[in-house]
Structure formats: structure tokens, C-alpha cells
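**Student:** Pasting the feature list from Swiss-Prot:
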ACT_SITE  68  active site, proton acceptor
BINDING   68, 69, 73, 175, 176, 186, 205, 240, 275  NAD(+) binding site
């Protein structure tokens, strides 16, 4: 593909970030590609994704240097501009970043030469009963986490708004949308609707709706299922619900999840991909659903999601199982699969993938 401008998002606190950023800038100079730093960590002002993308000159490739948190901040910008995103891994327990720092030049070469197929990831978006805002008197109390508070999401001008369908917000989430309590001594009470039908009224510390990508983040920590990022689904999970039913619910991608704060509940904070975006009052509601746009992420080869799951979650074999034998490959990978298996996602004989090739080049 033709790369005309790179937007560079750097987590300066990560070891190796400065060197990796220098490599990206040098590559851009050598290839006559404009490169603009996008500071998502500064607390000197609040900018919408559109404003940040415009200031960076509408990059067609966003490169993030850091961990999953840095990738999420870059994804917010890439989704706004329909740009590709390339995550360089400088983190510790990441599922989103793809490229080890020593391979960043090779990865950029591969993107430039068009030898890679972007991976499409589901995004979430919102409708709400009103605009999301953070009350001025509560702002100081709600400044948790790293990075600046973001401005309230704007209204989407290309969508009908008002009446019983609420306001369409110009915001996307790659991981999750979370509704959480503001008071330490009181849970929030929320009516949960799936595909327009009441599932149940919950009293919980938080309620979240995750994408398959986000299933290994907060949803996983709250007891939710691990979902392949290739799947098309929404995952609803309650955090510390005060009720017998404490299971997650996995919905189809065309089944929206509605969250209405009950009239005598406390207020609730709304976080999108870990960043606080507003506070809702009793009677307010959110509708969370699959966005029409997708995130296009650079993938260097077929993703070994389950190998990464085993590695990053430090999965170990049950001692009783180990005592009973050593697992062997279920199917051989030295020959092509038979016809009835040809449509399945299975290893291809002799094709380790571009990711392995890049790693070997750096060794």
C-alpha cells in the first residue's frame, strides 16, 4: 500500500520506546513519508479524535510504541480516520500489539510493499439518552488512571437523533464499554436489555459490554469468557453482581445491549476502553452495539491467538494430566488437510507466516 503519512503514538515511559521511535522516524525519512508525533499522554488540553487526527495531517498508518494501553489510544485515532494501525510491543502482558521492537523496520517495509492483509476487528459504538459529560464538581475526584481526561463524545451528525432512540455518539471502543458505580458503599442498579428485551435488573459494582478483542481485558478479570478475536459477538458481564445469576451473556453482533440506570440507583461513570467519558444519572440509559466501521490492524501473519493465550496467561497443564501422558499434535501439519477440513482455520504445511520470517531476520 502507499503510505504518505505516519502518526506516531509513543509511550515514553517504556524501555526501548525512544530507540523504536527513532527507527520509525528514520524509516519515514528514508522512504519520503511524513511522520507526526501524536501526544496522547499530555494533560495540557482535551482533544477529540477528529481534532487529533486533523492536527496530525490525516495519517494513513498509525504506529503505536508501547503496550495494549498505548495501542488502545492509537486505535481511537485510527478508527476515526479509517487508518491502518501497527502495534509495536514494548509492554508486558499484551494481546493487541503485534511486532517486537527489533522488527519494526521490517514490519514497515512489509506494510509499504503491500504483502500483508489487514485484520478487521469489531468496534463498539453508543447511543445514549443524553450527551455524556463529567460534572465539573466531580472531575477532580474522577481523575484516575494515566493520561488526560478526554472530552465528551460528540453527536454523530450523519445519524438521526432524538425522541425515544436517543443520541448517536461519535465514539468507538475496541475493548469495552463499562458502566460502574461512583460510590464505594453503594452498587448501581441497572436494567439490562438485549435485543430490546429485558434480561434482568442487576445490582452490581459495574456492568460491561466487551468485543471479542476485549474479552481478554476487564471482561476476563471479571470472570467473562475468552472469545476468539475472529468471532463476531458482544460479551455482557456483570462485576460483583448481588444476585444468583452471575454468568456472562454472549450475544449476536446485531443484538444491542441496553443499560438503563434505575430511578433510585446511584450515579454511574461511563468508561470507554478504560478512559472515563461521562457520568449518568438515574433514569439515563446507554445502548451499546457493533459499530458499522471496523479497525484495520496490521497482522504479520496468521495470528496464533491460542498460543499467545497460553503464553500470556501462563497456562500450565494439570499435574494429573501430565502424569497420564504428553500431548501430541491433534492433526499432523506436514500434509494439507482433507477436503472436509479445508474450510477450517488450521496450520498450513510449511508456512510459518510472515511474523516468523520477520523474527528470524532480526536474530
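Glycine is no exception: its Cβ is also placed from the backbone N, Cα and C atoms.
Predicted, not measured: the structure shown is a model, and the values here were computed from it.
Relative to the rest of the structure, where do these features sit?
**Tutor:** Secondary structure at residue 68 (active site, proton acceptor), as computed by DSSP, is helix.
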**Student:** Relative to the Cβ of residue 176 (NAD(+) binding site), which residues of the same chain, six or more apart in sequence, are found under 8 Å away?
**Tutor:** 124, 208, 209, 210, 211, 214, 217, 218, 219, 272, 273
**Student:** Determine, from DSSP, whether residue 205 (NAD(+) binding site) sits in helix, strand or coil.
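**Tutor:** Residue 205 (NAD(+) binding site) sits in coil per DSSP, no helix or strand.
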**Student:** Could you tell me the C-alpha distance between residue 275 (NAD(+) binding site) and residue 68 (active site, proton acceptor) in angstrom, no decimals?
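**Tutor:** The Cα atom of residue 275 (NAD(+) binding site) is 13 Å away from the Cα atom of residue 68 (active site, proton acceptor).
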**Student:** Could you state the CA-to-CA distance between residue 68 (active site, proton acceptor) and residue 205 (NAD(+) binding site) to the nearest Å?
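**Tutor:** With the alpha carbons as reference points, the distance is 24 Å.
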**Student:** 68, 205: which of these recorded positions has the sparsest Cβ neighbourhood within 10 Å?
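**Tutor:** Least crowded of the recorded positions 68, 205, by Cβ count within 10 Å, is 205.
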**Student:** Counting only other Cβ atoms and using a 10 Å cut-off, which of the binding-site residues 73, 275 scores lowest?
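**Tutor:** 275, out of the binding-site residues 73, 275, has the fewest neighbouring Cβ atoms within 10 Å.
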